[in-house]
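Student: Take this structure, written in structure tokens, and hold onto it; I'll ask about it next.
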Amino acid sequence: MLLSTYLNWASVLLTIAGAESNIDPWDEVSSFLQGKLRKLDVTNPNAYDMNDNEQDATFYVSMDYHEEEERSEYESVWQYYNENSDQDWHKSVYDKLQVSADQFNNTEAMYKLSQINLWGQYGYPHNKSVAFQYLQKFNDMTSYENSSALFDLAVAYSTGLFGTLPVDVARGLLYFQRSARLGDLKAKQVLAYRYFSGYSVARDVDKALLLYKEIAEEIKKKYSEEQWNMVFPYIESYIVRIPDFDEGLLGKGLSTVPQSVRRKKTTRPPFAGSSNLKPIGDVGYGEVVMQFKFNAGNGNPGSFVISDSEHEDRLVELFYTAWDLYKGTYTRGRDCDKAKRLLLQVYKTYDAEVKYMDNLQKFFYVKSLDLLAHMYFTGEGFERPNVQAALDLFDRSEKILEGAEISRTASEVDKGLISQYYFNNTLGALKHYKKAKESGNAHGILFYQLGKLSEKNPELKIGDPYLYMQEASSQQYLPAQYEFAKMVESNELRKYSVEDITRLYKAFVEENENIMAPHLRLGFSELLGGSSEVSLYAYAQAAEQGYEAAQISAAYLLYQLPYKFDDPPETTIERKTMAISYYTRAFKQGNTDAAVVAGDIYFQMKNYTKALSLYQSAALKFSAQALWNIGYMYEHGLGVEKDFHLAKRFYDQILEHNQKLYFAVKASVMKLQLKSWFMWLNGKELDNISIDQEQESTVVRPFFDRLVQLLKNLSRETRGDNKKKNQHRILKEKKTPSQGIMERFGLQTEDLLTMVCVLIIFAISMFFRTVAPRGQWNVRINGVNIAGGNALGEEGNPENENEEDDENDDEGRARARNNFGFGNNFDVQVFAI
């Protein structure tokens with residue numbers, strides 16, 4: 001609020017100062033900004049001079065959020081601009097924009113100021129409150145007729161800009177509807193998602209279908225016939241969940257949702273090793289030429305060797321470097337030009353040396369040629385496609401691999417496309433498609449083309465076009481997704497519901513993120529650059545559009561669950577509530593882990609009823625973590641009556657879904673059983689014991705949490721770092737009665753007894769395992785003999801066992817008498833719980 005007041009006064013002063021001039025400075029400012037970089041995209045391959053050893057996406061996400069720190073950071077940026085003469089233009093331009101907006105009521109200046117503050121454009125600091133002020137003013141001045149500004153305003157009200165203003169979902173919906181009527185595709189997508197999911201509106205799948213279909217038809221118009229039918233453009237996808245870069249929301253082994261990370265740097269095969277690529281000529285990035293030389297001993301060209309100073313598998317590294325450049329990664333966008341130059345250098349240098357290559361080198365050389373041929377065919381990296389050059393390279397590859405049975409699915413598909421669309425040779429195309437299909441690694445485009453051909457040429461009896469298109473759609477080939485949705489919608493014989501058809505259109509719309517959600521890439525770029533608040537706004541936009549991955553990413557940026565022994569994040573209740581909202585919406589779209597995390601947040605807030613409800617919903621989706629959480633709540637009576645029987649039932653159900661958690665489950669059940677025995681011995685009732693969700697209790701805080709917190713506090717006191725944390729802790733201790741040692745560590749008597757019993761059981765088990773073989777005791781664990789001979793005799797034959805027992809009976813009895821004085825065999829049976 002103080003910052004907004006300051007800016008308002010500054011605006012008034014600037015208005016007074018600019019009153020002497022009657023010329024609107026907008027034209028001057030607009031012309032000046034055209035020569036400035038609006039936003040640095042760190043994923044752009046030309047943004048930085050990265051080397052080939054770049055790591056995968058690495059970024060820092062702060063867990064805490066303080067408005068004071070945001071305000072201080074904003075003011076420090078402006079202070080830097082004021083104190084550095086080379087940055088004078090920032091202040092000058094901003095002042096002129098304010099004069100244009102406030103004195104001359106220039107709507108373009110208002111909109112520019114809103115975007116500058118929303119996205120941090122031109123190096124200006126991000127400020128949500130100032131952005132909203134100018135955004136609201138712009139819409140007022142334009143009578144709410146600008147669809148893009150209305151969309152931004154709708155997002156602002158729907159999210160409250162994360163604490164900047166009160167959340168008003170109904171008002172946001174109104175602006176989304178108005179923006180959609182003005183033709184904004186993103187706003188239409190928001191409405192379609194809300195009608196489909198029932199969020200903030202009554203669920204209406206029919207309306208959702210109409211909207212998604214309308215958007216899909218608009219998207220199709222943006223592609224040419226050649227792109228749609230033959231070579232669909234490559235889309236660099238940024239539909240990725242941020243926590244998936246750190247093993248998912250729940251961590252390794254517990255997440256039930258497949259990872260969304262796809263475009264990481266290609267993993268090299270083990271034999272390729274790691275090469276330090278050297279620049280050759282003007283090729284630049286990671287370009288290297290494997291050095292061949294003649295054997296100086298005999299001068300025989302057939303005895304060429306690789307230089308000892310170079311890695312023998314350098315050609316493998318060359319191909320993967322070109323492949324990474326061609327497809328791009330999350331941290332480095334596509335660079336087809338450099339990929340082309342690298343592949344051309346490979347072709348120029350090695351083609352004459354093919355006869356000296358071994359099979360491995362030939363294989364990767366051919367893969368390099370096929371990739372270069374594909375780029376000639378599509379025109380990627382070139383001014384225009386060159387079909388003849390592509391065919392020449394394909395022929396060269398076939399000649400090199402003559403007689404070898406190697407799958408070349410992609411090249412066969414490309415040759416089929418050339419035959420089908422350039423030479424109108426349907427039979428020739430089918431021949432290539434058949435080879436590609438027989439490889440067992442067919443692509444979606446192959447089934448798409450077979451479906452189109454079978455529909456166009458039924459006399460050839462190629463197959464069922466419906467099934468081909470269905471297979472292509474399942475492989476997420478975008479034109480096939482649209483065509484299959486149209487086929488399903490028009491075919492009454494196929495049993496597909498309206499909801500199924502809507503899902504098909506929804507998937508097609510969302511996969512075209514280059515049209516519908518380019519801000520996903522911007523959000524990821526901002527996160528890499530350290531601007532987490534700008535990134536949050538970008539992901540929030542996509543989250544409102546219904547992108548499940550964006551909902552998870554936005555929620556993760558708003559609130560992250562702490563690690564086991566870390567302090568809870570310090571943030572505002574508005575951000576925490578919005579995080580829960582996004583996690584819940586993601587769960588309704590199939591992300592089971594999101595329900596568990598939302599439940600954990602409610603659990604930390606002592607709202608055990610809502611936490612239990614979310615855990616139960618996730619448990620129905622077979623989440624092992626949710627089942628364990630429910631068992632824990634029944635064990636401790638958190639929001640429910642304490643019931644050890646139900647707790648054990650939920651613990652046992654975990655093994656039905658995840659056998660890897662066997663020991664963890666058995667340890668929990670053992671602890672539960674021992675606690676039950678102890679409470680029974682003390683005469684305590686197990687039923688009708690519950691902890692109110694608003695009651696502050698030390699019972700539910702584990703021993704190790706208390707121990708670690710105590711060590712942290714002692715460490716802070718030793719360092720003298722006790723300004724904020726200890727002040728808060730001291731104030732709390734004044735209101736809390738003094739605690740005993742066991743309460744201080746979060747221990748109860750039955751907890752201590754449980755740990756002692758578990759240690760005794762393990763000690764007895766280790767004792768028997770060590771002593772039994774020496775004393776020839778017959779020890780069985782769950783009926784399996786582990787000492788004293790094979791339980792079934794030799795080769796599992798009971799008769800051998802009986803014969804051996806008869807022969808050694810006297811010797812065994814004598815040994816037993818000598819050891820312990822017993823006249824019979826000493827049998828010990830240990831049963832694992």
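Yeah, the Cβs are placed from backbone N, Cα and C, and that goes for glycine too.
Take a look at what Swiss-Prot says about it:
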type	residues	note
SIGNAL	1-19	signal peptide
CARBOHYD	Asn105	N-linked glycosylation site
REPEAT	107-143	repeat 'Sel1-like 1'
CARBOHYD	Asn127	N-linked glycosylation site
CARBOHYD	Asn146	N-linked glycosylation site
REPEAT	147-184	repeat 'Sel1-like 2'
CARBOHYD	Asn424	N-linked glycosylation site
REPEAT	592-623	repeat 'Sel1-like 4'
CARBOHYD	Asn607	N-linked glycosylation site
CARBOHYD	Asn688	N-linked glycosylation site
CARBOHYD	Asn713	N-linked glycosylation site
REGION	789-818	region 'Disordered'
COMPBIAS	796-810	compositional bias 'Acidic residues'
Student: Which of the listed glycosylation sites (Asn105, Asn146, Asn424, Asn607) has the least company, meaning the fewest other Cβ atoms within 10 Å of its Cβ?
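Tutor: Asn424, out of the glycosylation sites Asn105, Asn146, Asn424, Asn607, has the fewest neighbouring Cβ atoms within 10 Å.
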Student: In the repeat 'Sel1-like 2' (147-184), how many residues does DSSP assign to helix, to strand and to coil?
Tutor: 29 helix, 0 strand, 9 coil
Student: Considering Cα atoms only, can you say which of Asn127, Asn146, Asn424, Asn607 is the nearest neighbour of Asn105 (N-linked glycosylation site) among these glycosylation sites?
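Tutor: Nearest candidate: Asn146.
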Student: Counting across all protein chains present, how many other Cβ atoms fall within 10 Å of the Cβ of Asn127 (N-linked glycosylation site)?
Tutor: 22
Student: Would you list the DSSP helix, strand and coil counts for the residues of the repeat 'Sel1-like 1' (107-143)?
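Tutor: Counting residues per DSSP class in the repeat 'Sel1-like 1' (107-143), I get 30 helix, 0 strand, 7 coil.
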Student: Just to be sure I understand: of Asn127, Asn424, Asn607, which glycosylation sites have a C-alpha no more than 10 angstroms from the C-alpha of Asn146 (N-linked glycosylation site)?
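Tutor: Neighbours among glycosylation sites: none.
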Student: Tell me the coarse DSSP state (helix, strand, coil) of Asn424 (N-linked glycosylation site).
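Tutor: The residue in question, Asn424 (N-linked glycosylation site), is coil (DSSP, three-state).
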Student: Could you state the CA-to-CA distance between Asn127 (N-linked glycosylation site) and Asn607 (N-linked glycosylation site) to the nearest Å?
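Tutor: Cα of Asn127 (N-linked glycosylation site) to Cα of Asn607 (N-linked glycosylation site) measures 33 Å after rounding.
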